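Record features, source TrEMBL:
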- A:T153, A:K179, A:T190, A:E272, A:N396, A:S401: substrate binding site (BINDING)
- A:T190: active site, nucleophile (ACT_SITE)
There are 2 protein chains.
Amino acid sequence: MAVGSAHFPEMPVIDGIKLGVAQAGIKKPSHDDLVVIELDEGTRVAGVFTQNAFCAAPVHVAKRHLADDAPRWLVINTGNANAGTGDQGLRDARACCEALAEAAGGVVGNVLPFSTGVIGEPLPVERIKAALPAALDALGNNHWAAAGRGILTTDTRPKGATRTLEINGETVHINGIAKGSGMICPNMATMLAFVGTNASIDHDTLQSLLSDTTTRSFNRITVDSDTSTNDACMLMATQRTQMLDAEGLTRFKDALQAVMTELAQAIIRDGEGATKFITIDVEEAANEGEALAVAFSIAHSPLVKTALYASDANWGRFLMAVGKAPVADLDVDKVVLELNGVRLAEHGGRAAGYSEEAGSQAVAEQEITVRVALGRGAHAERVWTSDLSHDYVSINADYRS
Amino acid sequence: MAVGSAHFPEMPVIDGIKLGVAQAGIKKPSHDDLVVIELDEGTRVAGVFTQNAFCAAPVHVAKRHLADDAPRWLVINTGNANAGTGDQGLRDARACCEALAEAAGGVVGNVLPFSTGVIGEPLPVERIKAALPAALDALGNNHWAAAGRGILTTDTRPKGATRTLEINGETVHINGIAKGSGMICPNMATMLAFVGTNASIDHDTLQSLLSDTTTRSFNRITVDSDTSTNDACMLMATQRTQMLDAEGLTRFKDALQAVMTELAQAIIRDGEGATKFITIDVEEAANEGEALAVAFSIAHSPLVKTALYASDANWGRFLMAVGKAPVADLDVDKVVLELNGVRLAEHGGRAAGYSEEAGSQAVAEQEITVRVALGRGAHAERVWTSDLSHDYVSINADYRS
């Protein structure tokens, strides 16, 4: 299941970025499971990675190679996460980098590795090595859609977003692809997103643009409250324009935020077993911390998520989820709850004038905005989540991730 | 579904406590849904209540009446939680107390009200009032089992625990009953438990005994991470023995802890949709906080819970859950993971000598002990949880709680 349109946008060429896809047979035969991204020399790359302490071997290696600041290739495999694999996992990730560097004419530190799939199985290095030449042969600057398909695991659809804008007379493109469906509660990034642009931006600015836009996109979504071991989001800028000035950077950041948010939302729309796309707006909070605490308390609640799955306007469960959040001295009389504009609760109970009919109609929609006003201040935060369905249980009781 | 034996123990009479059950027809006809507990004068009562900010009207009223320190009656209805009901809910809870006080010959402050069931519906006060005389007529000192059945909602079985010990030549009894199956992640208490004893214990000691034993029983369980609006646990001591001395109190506390833990475990065994009973032992933590953070991170993880439902020894998901817990500078190389004594992971990956056969055999059991050693210190904590099954989704997509 998935919610909303499965449309994958037309993506423009980004000068200096080529993508190639191959079949390594890592988990299934005849399945695109290996993607190589080649970056022209001089491309600057910023990254954010999972905060899970058990972060995967490729995350360790990618962080180290990224610090060398000369990335030329990204190699991404699906079907195996190379996580929970100890020292052998680190050696395997480096072996893939070495093989790619040798085949492509670089050094091992030029390669950033990424893996997604089952945790705890040894990475099939030989199969990946054997498929690398095919991926290099396939490199082309118009293969964003193929790469978007090549990085999927339990996803049911590829996820892409793109924006084009004119800055100081030059055309700036931003293309992004992402994968992710379960084990989604990113903390710094999500598993996996790759965003490219032809813009010229210095490295520190690029990193802070990525961190800022991640905060309000991938760090604001949850499918199941579980933070993956492999999350990573990379921003690659090929420096083909004039260096962006302050005004250009502001406009670039808005466009980047739009791409990042669209990708994050696409992950929720394709959340494991999702039948609903839920936006949670917490308003009138005293600060960011309590707004997010309430929003995620609702977004993580199995009882809220099963009620949404059942299209049940069960406002009692929403109040329960608000009330269990760690917010000191919450005055429940001031809390207001609305679903798609229908006021369900206020003054600690059912709203005056609320009818079950109106509530049922609101919650029957595939896309639902939950608005909670706390009556404590002026801070607002927004997060996105999906519902909890039978299919979520089936997928995760059957699939070994 | 439920895990383990449904045995309800034989319970001794506790002098000074009588229980009566009646049918008020609150939600279903011909169903025991109203329980009155009568306490002899001089009984001391301690209570712990939910920390949910949206706590129910009866919780507010019971706390206030308990502060008056002259409780003589408890009135418990199922089928309606009287939560999210605003000022009308408070008036309704008080009206039930008034009716019972009038019928039984006391004052309103002598009555503690408790409700459990659907949130957000007005309490059917008239039906409860109409059934009170029948509950009073039914009062008897050997009706613990009937009361245990009378407080159930989505539970599939009554839950009771009892201990008897000799202290200074006198026989001391402790009887407890509890209900709860979903919306279970108590914070200070669970919905609902009533424990009675004939022991003589002063009020402050009684309260601290209750708080201490709650911490290591009801505050160590989770079905779905959702904290109810109505949780309450009451300890009633009828003062029929000599005042317990220090040694007697120590032995009493051990027995009380056993009763409380058995009741808490019974709630997990009957957790909504439960097919497994899971004990999570986190050892070698630096302190209580990080031990509990890791234990609840595992216990709340939908991916761990669906793997357990599928009897899949998916140790990668356990490591993911350990790694996402907020523990600073966790050295994953030192983490050890065992299921029912089978070592699955160590040194950041699969344990040497681990076989899928041994893991599959361990996780196929109905009762599973997960042991995680963090290698950081000497602190240990234990929590209990259930798995996440299709039935959990069915129950909560169908039942309006």
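Just so it is clear, glycine is given a Cβ too, placed from its N, Cα and C backbone atoms.
TrEMBL labels come from automatic prediction, so no person has curated them.
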* In terms of Cβ proximity below 8 Å, which binding-site residues out of A:T153, A:K179, A:E272, A:N396 neighbour chain B? -> A:N396
* Among the binding-site residues A:T153, A:N396, point out the residue whose Cβ has the most other Cβ atoms within 10 Å, with all shown protein chains included in the count. => A:N396
* What is the Cβ neighbour count of A:E272 (substrate binding site) at a 10 Å cut-off, with all protein chains included? -> 30
* To do: Run through the Cβ atoms and count how many others sit within 10 Å of the one on A:K179 (substrate binding site).
  => 26
